[in-house]
């Protein structure tokens, strides 16, 4: 073998080694270069993002957990107005999550979107802390249960609302992107990293709960005692630390490039399919449909991955049928995207349509979940809340939910998942899929509602029904609520963690943040449906001058019946969910090297061959 041949062979090996080091999912570094596996992403970047999420959650709930008390004690609002203002504020957070997801997927990318909205978050918290310290907390020490605060000017009230809505904008735009950005740090086409990507979502939800645990207990205690400025400044410091930590990890992050406006891509498919509604299907299926990858381009955001063609929603396939007019457009300078769309773009629309029934089924679960912050607290307040001389705040019982989340994440990751993987199907698919886990979450939610209803039956049995102010009117200990809080926590691990994994895995590469936003919108819709359901129940159950199921004095009502109603509705939802899950077809991506082989084979064909050959059997 000659020296030249040896040299060329060595160079080929080095080139192959360099190529192997690059990630296979199409991620790039901060400068737009292909990510190198050995020095980017993985758990180094993942842990940075997990700690960032924990600190940001602490900061957010440090404001949100006692916001209703701040409005009543400091701004002197009545209970109804305060509750409505908090509901509007919470709903705005979820609306802004769609804004953040849209900007991330379309224009900015996830890294830039997370950084910008975290800066807005810090500005809002700083403004709230300053305004509270300088002129809202007047006189000093007011805002506890004893000392009322004075009146405030219009400018001061405006400053307060501007601050909290900046917080809503910052957290809402950041939240759906940080979960997806963390998952981006693991290459799902690499066996070990693919497993780590699945594990990341469990640890992400754990970080979120640990952050809220600290704010619900420590910061919540200080704020309840009237030390509002201290609580807000602690939240601000936590947010600043989270932002700094996030920026420090910049050189290590893997990034997906934004893919352009998904709304226009969605509409283009619908319009193109409608324009060709009278066209007959090609005889050779996808082989005769327009595919940008044959032209060296990619419709799914330059990630190098195409979506495999599916048979559902065949009407949409017409958007990819090539007509004589499309050939004329090609010759005159380019394809009209409102008449001809590539197959992968069509499949993106199909993916979103297939997700909708599953997403709708998660809303009823969110209705159950929201009871933990409302009716569970009211139920606990009417129970025995004292242990010796210590009074247990009813809202603090949510700590058992958080502890349950931590426990069941550990049980699932270390016990259930390894056990289930021993019984993998013959085709290599894992034993417990995300759809299975969400179904299990619904079952546990039903048990939680039944447990809450049974506890309420016993609370009523030991209650003093003649009381006027009924806090603590039942001799039944508040610790009997532990099972229902623990069951809700267990259901979260299966439902919400499974939901995060499912929507991230089943959305196209260019819509990952939108998938995370769907999870937040499920919670938002759950709040809305819960409010509507309570209103309907109160209206119907108070006819004929009856006290109703949920009166102001719970000892004269039947809260247990409302819990059993939720259990029944969730059971019906479970049946519908099972039907939708059996119908659902998972997204399938063509492997990157398969695509490259196909594209290299196509290099021997001319553009006219790729474009005109299918027209032999196509008719307008």
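Start at 1 and count along the chain as shown; that gives each residue its number.
Each residue, glycine too, has its Cβ placed from N, Cα and C.
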Q. According to TrEMBL, which of these ranges is transmembrane segment: 539-561, 562-584?
A. 562-584
Q | 16-38, 177-199, 200-222 - the one TrEMBL records as transmembrane segment | A | 200-222
Q: Examine the ranges 309-329, 330-350, 435-455, 456-476 and name the one recorded by TrEMBL as transmembrane segment.
A: 435-455
Q. Under TrEMBL, which of the candidate ranges 91-108, 253-270 is annotated transmembrane segment?
A. 91-108
Q | Long-range Cβ neighbours of the transmembrane segment (115-137) (under 8 Å; 6 or more residues past either end) | A | 56, 59-60, 63, 74-75, 100, 108, 143, 149, 152, 156, 159-160, 162-174, 177, 228-229, 232-233, 235-236, 239-240, 242-243, 246-247
Q | the transmembrane segment (435-455) touching the transmembrane segment (200-222) per 3+ Cβ pairs under 8 Å rule | A | no
Q.
Do any residues, 6 or more residues outside the transmembrane segment (397-415), come within under 8 Å Cβ-to-Cβ of it, and if so which ones?
A. 199, 202-203, 205-206, 209-210, 212-213, 216-217, 372-373, 376-377, 380, 478, 481-482, 485-490, 492-494, 497
Q: For the transmembrane segment (358-377) and the transmembrane segment (562-584), check the count of CB pairs under 8 Å (sequence separation 6 or more) and say whether it reaches 3 or more.
A: yes
Q. Is it the case that the transmembrane segment (435-455) and the transmembrane segment (562-584) have 3 or more CB pairs under 8 Å, with pairs at least 6 apart in sequence?
A. yes
Q | Chain residues in Cβ proximity to the transmembrane segment (562-584) (below 8 Å; excluding those fewer than six residues from its ends, i.e. six or more beyond) | A | 354, 357-358, 361, 364-365, 367-368, 371, 375, 435, 438-439, 442-443, 445-446, 449-450, 452-453, 456, 534, 537, 549-550
